[in-house]
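Novice: Below are the structure tokens for one structure; questions will follow.
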Amino acid sequence: MTEPLKPRIDFDGPLEVDQNPKFRAQQTFDENQAQNFAPATLDEAQEEEGQVEAVMDAALRPKRSLWRKMVMGGLALFGASVVGQGVQWTMNAWQTQDWVALGGCAAGALIIGAGVGSVVTEWRRLWRLRQRAHERDEARDLLHSHGTGKGRAFCEKLAQQAGIDQSHPALQRWYASIHETQNDREVVSLYAHLVQPVLDAQARREISRSAAESTLMIAVSPLALVDMAFIAWRNLRLINRIATLYGIELGYYSRLRLFKLVLLNIAFAGASELVREVGMDWMSQDLAARLSTRAAQGIGAGLLTARLGIKAMELCRPLPWIDDDKPRLGDFRRQLIGQVKETLQKGKTPSEK
């Protein structure tokens, strides 16, 4: 308030007027120049990720069709009719003292109650799977937000859902690193770098173990039907374990929905990542000449199991990938190849002796 006012400044020249941008003249390329011309393209990884997210959102979003509404209305009317008829039968049995009919009504009521409870439980678990996609979108918004007050509550909710105890060392380090002056982006980023890797490491170990078991089973077993059943069972078990690690309890329909989303993701992304991560390395090492056909099939099955686990991890994870921390097939490739080679060498050693 006590500082003196600055004196006025007079400019001699006129103000600069914004001029319209000048475009260069049209240039026509001949055939030789056109062959060397390469148009700029979008990042294929970002474009593919956006398309996959759109497919997953469409699959998670319930379809509000007319037939669906008619079926739901018919089921609701049928359920109300069954309840009303059951109440009427119970009253008639009580008035006429027909204890056999009354016992049948009680048994029917227990069966209907168990069925309704199962439907409600399945719906709640399926709703929880859908909420995980919304939580991932919320985390993505918080990672670009400069506000305060929402990041800490959001991260504490994620830790509670995952079953991380308040005395866990990673959570204690996160609490010690945050303070009131940090915005939501910084708080969520600290959680992603300090607490989330604990769950990610456990999921990676599950994926690595399942991929190794699939690889060795295919490489050793001579029965294709047994191999297919084993791989299907191991993949479903892997999805259940990954979902449990990230705090998602799967029911029957939610398990089918998650498995469908994983297969959709893999089919939509195609085999480009598999070829990019594995193809050149296999050609360079000439594994086809070193390993048997069954061993090569085992490595392929193990890599597909690893890819399935990575996609399940991506769908169940509450946070988007940050700083290129997404696991890659190359992380599991060398381990699978080393285990197959070690198994084959152990099998050849006794025969040589």
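From the backbone N, Cα and C atoms, a Cβ is placed for every residue, glycine too.
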Novice: I'm curious whether L66 and Q131 share a membrane side according to Swiss-Prot, where sharing means carrying the same topological domain name.
Specialist: yes
Novice: For the record in Swiss-Prot, which of the ranges 70-90, 280-300, 301-321 is the transmembrane segment one?
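Specialist: Result: 70-90 is the stretch Swiss-Prot calls transmembrane segment.
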Novice: Are there residues at least six beyond either end of the topological domain 'Cytoplasmic' (91-99) with Cβ under 8 Å to its Cβ atoms? List them, or say none.
Specialist: 105
